[in-house]
Each structure stands twice: as structure tokens, then as C-alpha cells.
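According to TrEMBL, the active site, proton donor/acceptor annotation covers Glu103, Glu519. Positions annotated as compositional bias 'Basic and acidic residues' by TrEMBL: 367-376. Annotation source TrEMBL lists domain 'Peptidase M14' at 1-133, 259-549, 683-960. The annotation region 'Disordered' is assigned in TrEMBL to 362-387, 1107-1129. Annotated transmembrane segment per TrEMBL: 1049-1072, in sequence order.
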Amino acid sequence: MKFLLSGNLHGGSVVASYPYDDSPTHKPTGVYSKSADDEVFKYLAKAYASHHPIMRTGKPNCPGEEGETFPEGITNGAQWYDVEGGMQDYNYVWADCFEITLELSCCKYPMTSELQQEWENNRESLLSFIEKVHIGVKGFVRDAVTKAGLENATIVVAGIAHNITAGRYGDFHRLLVPGTYNVTAVVMGYTPLTRENIEVKEGDATEVDFFLQPTAMAPNLTQLTATPAPASTIASTVVQAEAPSPTSLHQPIQPVDFRHHHFSDMEIFLRRYANEFPNITRLYSAGKSVELRELYVMEISDNPGVHEAGEPEFKYIGNMHGNEVVGRELLLNLIEYLCKNFGTDPEVTDLVRSTRIHIMPSMNPDGYEKSQEGDRGGTVGRNNSNNYDLNRNFPDQFFQVADPPQPETLAVMSWLKTYPFVLSANLHGGSLVVNYPYDDDEQGMAIYSKSPDDAVFQQLALSYSKENKKMYQGSPCKDMYPNEYFPHGITNGAQWYNVPGGMQDWNYLNTNCFEVTIELGCVKYPNAEELPRYWEQNRRSLLQFMKQVHRGVWGFVLDATDGRGILNATISVAEINHPVTTYNDGDYWRLLVQGTYKITASARGYNPVTKMVTVDSEDAVQVNFTLKRTDAKVEEGKVPVLNIPDTSDPNEKEFETLIKDLSAENGVEHLLLSSSGKVSPYRYRPYKDLSEFLRGLYLNYPHITNLSSLGQSVEFRQIWSLEISNKPNQSEPEEPKIRFVAGIHGNAPVGTELLLTLAEFLCMNYKKNAAVTKLIDRTRIVIVPSLNPDGREIAQERGCTSKIGQTNAHGKDLDTDFTGTQEPETKAIENLILKQDFSLSVALDGGSLLVTYPYDKPVQTVENKETLKHLASVYANNHPSMHLGQPGCPNKSDENVPGGVIRGSEWHSHLGSMKDFSVTFGHCPEITVYTSCCYFPSAGQLPGLWAEHSRSLLSMLVEVHKGVHGFVQDKSGKAISKAVIVLNESLRVCTKEGGYFHVLLAPGLHNINAIADGYQQKHMQVLVRHDAPSSVFIVFDMENKIFGLPRELVVTVAGASMSALILTACIIWCVCSIKSNRHKDGFHRLRQHHDDYEDEIRMMSTGSKKSLLSHEFQDETDTEEETLYSSKH
């Protein structure tokens, strides 16, 4: 980066100091050491000092230096005191940057309470100084003929003995104070040009451009610097891509860069074209070689970095054998040819617009560096740096490959799994022929080994050989192999010679890609002067072969319900035993020769569809399939299938689209590329630094972060938890919540640094990157970066296998402590887990390169296994090499973990793990990511580890929004919390406050049972998609059962029981009434015999009063009945 102006902020006085800082005599003080731009530096220093209320007085009055004065608040550095080796002088002398040193306060480390005043003192000065970057003269130095910018042109100002140089585009900016100047531009090979009496005024720079005449005209210079025409000027009609005739008015621009490119030269070449043609190129790396050279790939497309639905993807690979170099150089020539002719040549323009082209010039850069020019048929440099033949290193269908998988092989396998390649060629040397699958057979003999697509492969091979006259003749290397003959320049691989472990067969058998191997010449490393001839022989072949990607059939497989593409649907062609699968948007490509075919599209959960298709010899035929779900016709009594995203709200629709975009190929990668403020870990942070870093995030981003302590370690270090959300520390039950935990083993701190970097990345991009902003607004992210800070403090960097620091201060492995008696660290995280409000948890550990899912304890069956495995696979598949299943750790070099995913108990079985506790008691799926083979790799490896894991970590933020989101209420609209949602008769979750629930599930159909007290049970099915959330809205009816019995039966029984009770009461009343009448009649007779029974009457009267008192609280009915009875007598 080329800086123009700089300020270096210090403390200890209040003054602006300018160069030079020292003098030739190095006298301690008092020597004015004047630079050539002394007037400019004084001008800049005054610009700062004049706006500072203390500095402009020239009297800082610093304690101990009360008499020190600086006129106008500025000073020459050496005059103040001599500073040898100062930064401001280095900037001026060596970097074209004008820098001054600003002493801001007498106190070097003032109290926090004084910072506000310091800001007020310096605010205007800082802004004024920044504005001065615009003074002086600026412009461009260009070639007068081509108008191209002239990099490193020298700008000379008369009378000032300090020159500056122009930038890479010929741009320059020279700081000058107001005045009149003569300025000269000088470039080797050009006539210098002076512009006189240039007036520089106060304020913005005066613009001055220089157009220099070359001292000698170079041949075809205009051709060499040709640039593409704007896309808007290109006709939109599709042009048939035929070879232009020799008499055509338009002649494509041919490459001129014919030389052997060693790695550094090739790297510069690729970067140059990526920089010069950014609208159609993207340079990326598919991985690294043994010696850590990048396996560069140049993508060429009209929309680089994006898979356009329906557009096929093509690749060329060169230099697999390091000493076979022609392919490497041809592919560099091809890159130059495509870039320079896009927009002007119809054939190239059509090809780039309709195809996504990937070109890997060198798969074996290490071997190339060992090989030697002039090698005809040798082997020096053929193999990689581990001395393995890469074209014998791929998994084979017939034989077990004994050699360990090499980094280059693993990288290419990962690359092929990442992109939906349709067609490919692998460029070799040593003969002149196109070789097609299979490369070997079951017997290991040199016999014809026919693939199911033999006819297609023959057509592909012929499309290349026909355009290469010498190849097509079939007798290529008569002086070396006089008896060798290939009819029409093509051959079946195994018939030529047996090659187990070849790349082309692996392509065909493990991806949707058809690949052939092209031998480009008899000499493996020809002299450089022969390279133009190779280009001329192969130019048409290279282009014609690429066009074959547009043969056969292509189209989309769509869901009949919502019209969306179906991922991984299968396209089968009758009588050809080689199905292909659809990509993210349901798009597919199937190469076929001319003919009529019976083609079937099928997908899990859908009814297959078959069509008869006629393929001609021209462009591919588009054939779309619309599949109906197997449960699409819901008959009475059958379970409804639900997949009802809430798209009524535009914001919901927009977010659903974002999740789909981020789920697409390279979706997260595009997010990373479009993010602002690149972050990368570069050192390890011990506990104190970690705490300060987290506190810094909290203080700098208070609106989206909340920092809290979950508890303390044995040695009283805090277990920090950082929440990132648009409403931190507030309850939002409708939003999914994800937990990241690292450092359960203190000797594996990579996860800690990855999570700290993730946190900073999210905070820096909030309100800067739309995708990150929406993810934070819709997600509650909790990061626990170091669960075992005590162990981390004693762990040792570069301790790849060391167990020091693995346990806590009590010597306890915390990942075995989620049982009864517990350590303080375990209790701290348990409290967080037991809140039961997380949808997903990701734990980061070290010691391998894979992902484990529950359970760590040995169990017979794993509930929800498919979902747990799916979540682990999402992480592994977004990692460049983890999903290949070959961790390649030194102590376990032969370890093989299919897909990079394994159940914990099948890898390292143990009890009391955090992930098992999370699933069992927290009702939250948790996966454990092992970030690298080395527990504690060197800090220098951290940037690379972040680059490898960043996409996977961000993919978890996307994945947590998928699965099933639901809302439960009754018919009155009342939300029902604590309802039980049973999924697939096993997994149980409860609705949160507000009736919300969320559960992650693997893509496919799932059964849901919803249960709540007092309501009828609900049963349904939901289709979970791979790229979007599925929403369900459950409305409960009142329970139709009482005490477990049908409501009608209970009501009938209750009614009958009530009738029986009433009848019984009537009978009792009648009996009581009869007894009461008899009693009252006796009473009358006693009164008639008053004289004889006086004592008895008194006693009866007393008893009657007691009777009345005893019925004091009788109900009204009883009282009325007695009254009526008395009146009758």
C-alpha cells in the first residue's frame, strides 16, 4: 500500500515535530536538520498545531520542563533532540510518505477521566491534518501511444532534491505548499516531459497528466495492450462457435507470453490477469502442495465466483506430473487468450458467457521445480515432493491403493466435490493421444476396459484429436515408439496400459464429471522456443473440447409443490448404468451422444418421472422434470405434509432468500469475500489478553454484545461468555440460539483463537455487511472461548502431542466431568446448558481433523442420529479437507473417517462428556470439531487455520436457521407454552414462552406429534429442506377426552349418575317425610293428656327447642317445608 501522508502520535510533550530527526553530527540537541521538503513539513506541522489549544501556544508547561517553548507549536526533530533511526525519517527517505511526529500530552498515560478532554483538544487538529493529504499536484503518467499507465515513473520537482515515484497505474501525488513549480516525469525507455509554471493553490491538488513518447516503438504494441470491449457493446445473439475462417475480418488476439513459467513467475502471471480482467476472472487456490505451494485455479466466467443455475462447469488440469510441462504452458496461454478476446471475439465471448471455466495450470508445482528443460522421457520431477505418482494416488474401483493419500490428491478430490463439474481434461506429456476411461480393469491387464459411457468418451476424445492434425493421424512418436498406433488419435486407457489409482476414473465414478487424459507431445519438457508451435497445434482442440460441455441433455428437477429445485435428485438413463445428480438449484447436465433416450428423474420422497428424449448432434437439449411428493395427495384420514414458510412478511421472505443463498455453493465464501475489515488470528492470547480482548469487543460494540461470567475456574479465572445479538441479554424466544464453546482442554487453544476471531469478524461486519447484519439480527450467538483457562495457562506452544494443560488445576479432564460431583468449570457451563434454550452447540477441540456427534458414551441406538450426523457433515463439508476423511495426523497416518464425520463413541468412547450432557439434559444437539492434528500448533499456522475453518463456523450460523420452526396456539389465539413436540416418535422438545419451538432436523420427511394438557393431540408430517427453514403452525382443538375416555361417554355417564343421585334423594325425602308425620301426630296426643303427662310434655318441649337449634342453618327449602307442614295441623 502506497501511503502519502502520515502522523505518528506520541506523548511526553505538546508539539509537532518534523524531519529530520537526527543530523550528520548527532549532536544531542540544537542542530536544525533540514530536509529537502522543509517548507512542506513546516506547513503540515502547523496545520496540526494551529488547531490545538495548547500546542499552538508553543508552551506545553510540562512538569520539569516548564521553560520549554516551541514557536507556533512546531519543531525540527533534531533541533529539539537527536533521534537516530526514527520512523518519520524512514518514511520520507524510503517510502515517498511525508510523516510528522505529534506529541499530544505531557502525561504519557493520563487517567481515563482525562481522555474526553484530550479528544476535544485534538479533534480539529486530526481532521485538519487529514485534509492536507489533498494538497500539491497529482495526476497520471501514461504512454502517449497506448495511453497505458507507466508504473514507477519518477516525478521530479525543480529545486526540491526529493523525487517520488508513480503507482502501478501511473498515478502520482506530490505534496507541495502553494506556489509555482516546474515538474518533470521520467521513465526509462521514454522521452522525459516537463510541465512548467504549474500553479499550486491552497486546498485541493492541481491535476497534471504526462503523456510520454516511447524512445522506440515496440512491434504490435497496440495488440499486446488490447483491452476487452464493454459488455454492453456485445451482441446478445448466440454465435455458433466455429473456427474463424482465415479470411475473416476479425482475427483473435493470440498469446505472446511463450516461456517456461516457474512457480513465482506463474503466480505473478495469474495475479496479473486476475487483476487486469476482474470482471471475468477469479483467482483462487484449491489447496497446497507438500512444500506448501498453492494449487492455483483461474476461474473465467462472465459472473466469476458464482454458480449460475443451468450453466455447466468445466475444468482443465495441467502438470499433474511435474516434468510434463506442455499442459502447464498451454493453460497459461489459454487464460491469456480467453481474457484478451472476451468481448471482441464471438467464439470466446459465447464460451465464457455460457460456461463457468476453471483452469488449474499446475497440480504438481513441487515436481515442476525439480524437473529440467530438455527432458524427453525422464522421470526427474514426475512425482510430488513425497515421491508419489499423483496419477496412481486416487482411490481405485478395482484395487486398493497402498500409497498414502497426498496433499495434492486430497486437495483436488475436495475441489471436485465442491464444484459441479461436468467435463474435464487432464493434460499430460510423453505421447500424443487422448486417453479415456477406464484406465484399469479387474485383472490388471492391458485390455479394453469399457465404461458405461464408452460412446460418450469416444466422442469427447475425438472432439479434441480431430482438431490436432498430427494427433489424429495416430502415429505420434515414431522415433521413440515406432510400433505405437492410436486410430484417430484416441485410446481406451487400460487398453494402452493399466493405470490403477488414476484421476480420470475417480472423476467419473465419484462425481458427475467426465474426464479424459490428453497426452500433448512426445517430449515431456521441450525447449521454450518450441512452445508457440504447441499452442498452434492445440489451440483449436482446447476450445473445441470445452464446447463439448454443452452436448447431451440439461435442465432442472423441480418440486411440484413450490417450484423449487431439488438437490441430489438422480438422473438415470435407461441402459446406461451411470446416474448423475442435481446441484443446489435442481440443475443437472448429462453428456450423451446423438440418439433417443429414456431418462428418469427421481428423488427421495418424490414420485419418479420418466421422459423420452431425442438428443441431436448440436447443442444440449433442455429437459425439465417436475416431481410430486409421495404424500402430495392427502386423502381423508391421512397425515398432512407441511412445509409452510411464512412468506407473507417481506422481511421473512428476504431472510429466507438469504439463507438459501448462503446455503448455495460458495454462498458463505462470497460472504467472506464481501466482508469488510479482514480479520485473522496471528498470535495466541493467554488469559489476561483474552479477557482484555473480550472486554474490548464489549466496549466497542455495546449495542450487539453482552459480556458476562458463567463462573470461575479452580484458580479463580473467569469463564467468560460473550453474547452477540441485536438485543443482547433480552429474551427473544422466536430466534434460534447457538452456542460455541472452546478450550475444554487447555492444551488445545486453536478453537479459542478461532472463536475470538469469529466474534471480531461478526462485530466488525455488523451494519457493514448485509448478510452478517441479518444473521446477527435473527440469531442469538453465545461464545464461550475458554472453558479451561487454568490448563491453557500452563500449556505449551508447538506441543503437538503434549498433554500439559489438558486437565484443569485439579487434574480433571473436564470432558469426563459432566456427572455427579463436578469441578467449578463444569458447573459453570452446565448452568448455561440447562437453560434448554439452545438449538445447536459447536464445541472446538484439537488433536485430529474431524467432527464427532453424540454419543461419546457407548449406546445401542442413537435417537435422531441422521440429524446429528447431518449437522456434523455440514461443518466437515465446508472445510477444504476435513470431509475427505483422511486427517493424516502423524501418529495416525492411516486413519480413515468417511466424510470426516464419526460418532463419538466409535472414535474415543468415554463417559461424562459435554456433548452427551447437552443432548440429554439440555435438549440441544452438540457436535465436537477437532480443528487440527496438532493440539497447540505454532502461532504462524493460525491464519491458515482460520482460513480453513471460517467457512465452516459461519455455515453453522446458517444451519441453525433451518430445520423446523413452529408456533403453537389454541383456537382462541392463545399461545401455548410447554407443549411437547415429539419428532419421529423419539426426539422431544417443548415450546418456549410465546408458544415457539425450533428443532434442527436432517433434510427429508419427519413426523410431528404435538401434545398439550387439555387439548387434542396433533399429528402431521413436515418436509425439511437443505437450504431453507420449514415452518409449522399448530392450532390445538379442545381435548375430546376426559380422564382418558371419550368426551361423549363421560358426559353420558355423568348425566346418568346425576339422574340417579336425584332419584335417590327423592326416595330419602319421602321416607323422612313419613317419619316426620308420625312424630307430629304423637305430639298432639300428648297435649290432649296435659294433666297426666305434664313432666313428659316439658321434656318434649325442651327437646323441641334443641331440635330447632340444631337446624338453625337448614336451607330455605327445608324451612318452608316445615312451615307448610305446621299450618296443616
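Every residue, even glycine, has its Cβ placed from backbone N, Cα and C.
Since we're looking at a predicted model, the values are computed, not measured.
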The domain 'Peptidase M14' (259-549) vs the domain 'Peptidase M14' (683-960): 3 or more CB pairs under 8 Å: yes
Within the domain 'Peptidase M14' (1-133), residues counted as helix, strand or coil by DSSP: 53 helix, 21 strand, 59 coil
Rounded Cα-Cα span from Glu519 (active site, proton donor/acceptor) to Glu103 (active site, proton donor/acceptor), Å: 68
Averaged pLDDT, computed only over the residues in the domain 'Peptidase M14' (683-960): 92
Three-state composition of the compositional bias 'Basic and acidic residues' (367-376), taking helix and strand from DSSP: 4 helix, 0 strand, 6 coil
